[in-house]
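**Student:** What Swiss-Prot shows for this protein is this:
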BINDING   G172, D173, R174, K175, T176, G177, K178, T179  ATP binding site
SITE      S373  site 'Required for activity'
Amino acid sequence: MAELTISSDEIRSAIANYTSSYSAEASREEVGVVISAADGIAQVSGLPSVMANELLEFPGGVIGVAQNLDTDSVGVVVLGNYELLKEGDQVRRTGDVLSIPVGEKFLGRVINPLGQPIDGLGEIVAEEDRVLELQAPSVLERQPVEEPMATGIKAIDAMTPIGRGQRQLIIGDRKTGKTAVCVDTILNQKANWETGDKTKQVRCIYVAIGQKGSTIAALRKTLEEQGALEYTTIVAAPASDAAGFKWLAPFAGAALAQHWMYQGNHVLVIYDDLTKQAEAYRAISLLLRRPPGREAYPGDVFYLHSRLLERAAKLSDDLGAGSITALPIIETKANDVSAFIPTNVISITDGQVFLESDLFNRGVRPAINVGISVSRVGGAAQTKGMKKVAGSLRLDLAAYRDLEAFATFASDLDAASKAQLERGQRLVQLLIQSENAPQAVEYQIISLWLAGEGAFDNVPVDDVRRFETELHEYLGSNAPQVYEQIAGGAVLSDESKETLLQATEQFKGTFQTTDGTRIINEPEVDALDAGQVRKDQLTVSRKVGK
């Protein structure tokens, strides 16, 4: 049996190492206790050093955001299943302010407001974390909005143009096509994305707030089928989620957008819709016992939307010249744009596109009321070619609306009024577009210019849209150089105008209307003078009664 030897030097060395690493200082950890938990809100006692918007950790991995910082308790918005919490549970500080992971890999994915994937396609590799409540760019960090953000919708691109870095409100009653306008705008960015040019490409973020899960799934399917999902991220806070997720979803979309903007990219963010976010924030505020104001909204609901939408900007060249274009959606009731939330957001944004249920029900889609829709950026965000042809369009349509109202009471109209009425009817038809069918700017310019020149005046009203579609197919084969010229940013030259008019007249000879006839331009005949009439050759026919 081996002899046991003990080295006193080794024992002394081990004790010395242990005692030298020992610290007499006690570690401090703040721990709170749940007083109550109900309706997505937890009241927590303790945590005297907690920060506003700090993440707190509950048992079972549930997290919350500190909101009300009272002297003896903290009001916490629970981001998860609050039913798992019970009185007496311990709550720990994390020291982190609410943030989400961001990065290029988020394109093509569906995430929740915490940046976690919910599409079943696996984890997302993030580049970094970005704070949700980030400060908007200052005045000196911005530059004027001058680059167009084409939507592919003639009525918007011509009369209420949107520029990169602008905030344009889409407002209207439910079921008037608000989401369709925004989805078409996303689809219209496909051609720019395929160029591979960073200065042309637009990354899109669609924030779905309080919508049905089936609606979000259908939208994702549409984007995927149209080839637009590869440059789009969907931030989803469906109706089944807690109010806290609906409140945070727009800020998550804005944080992801700012990450790309500061890299010099162009981003389009759609908030669908901010009415539901305001309602969720109202519910949270009332549950936190904050004093209600107008329509029971809290006093800082204006600040809720202003600090979100101010993050949309066109950055200066020194910061990379990136941009965020915001399209917030607001749902009205009975076309009442004077309600609290609509007036708030109208005052924050750079213009609004108003969709009207009456127009929608009459088949005018997109149902844009051009009378009260406006863009405060205006022609600065239009190409030269579009600015040239769209100048009189709004006036022509406004005059048509007035004349249309008058014509319902007047029995006789003079020839000029009749001509204006008929052209207005054709302009309205020309501005109607199918869903998920955005139109390139060069096609819009050619259609609007030809309409202004009277090329559609003798086309039956019911055939205007089909005539336009088939005309573009014909012009694409017979005058492709005109499309290339406009796409390059040039205005229509006199030679191009002549080419378009001649080609249109040739096409009219082949176009067949719905009733099977052809469009024939009858030559103008001058009236005969009295001396030219041969009275002796006139034949008088008399109708003889039976």
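Cβ coordinates are placed from backbone N, Cα and C, and glycine is handled just like the others.
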**Student:** Please determine which of the binding-site residues listed here (R174, K178) has the lowest count of neighbouring CB atoms within 10 Å.
**Tutor:** R174
**Student:** Would you pick out, from the recorded positions T176, T179, S373, the residue whose Cβ has the largest number of other Cβ atoms within 10 Å?
**Tutor:** T176
**Student:** Quick one: which residues besides G172, D173, R174, K175, T176, G177, K178, T179 have a Cβ within 8 Å of the ATP site's Cβ centroid, in sequence order?
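**Tutor:** The surrounding set, listed in chain order, is E331, L355, S357, F360, A367.
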**Student:** If you count other CB atoms within 10 A of each CB, which of G172, G177 wins among these binding-site residues?
**Tutor:** G172
**Student:** Counting distance between Cα atoms, which of the binding-site residues G172, D173, R174, G177 is nearest S373 (site 'Required for activity')?
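**Tutor:** Going through G172, D173, R174, G177 one by one, the closest to S373 (site 'Required for activity') is G172.
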**Student:** Name, in the order they occur in the sequence, the residues of the same chain whose CB lies under 8 A from the CB of K175 (ATP binding site) and which sit 6 or more residues away.
**Tutor:** S357, F360
**Student:** Under a criterion of Cβ-Cβ distance under 8 Å and sequence separation of at least 6, what residues of the same chain contact D173 (ATP binding site)?
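**Tutor:** Sequence-distant Cβ neighbours: E331, T332, K333, A334, N335, L355, E356, S357.
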**Student:** May I ask you to report the DSSP-based helix, strand or coil state of K175 (ATP binding site)?
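**Tutor:** Reduced to three states, the DSSP call for K175 (ATP binding site) is coil.
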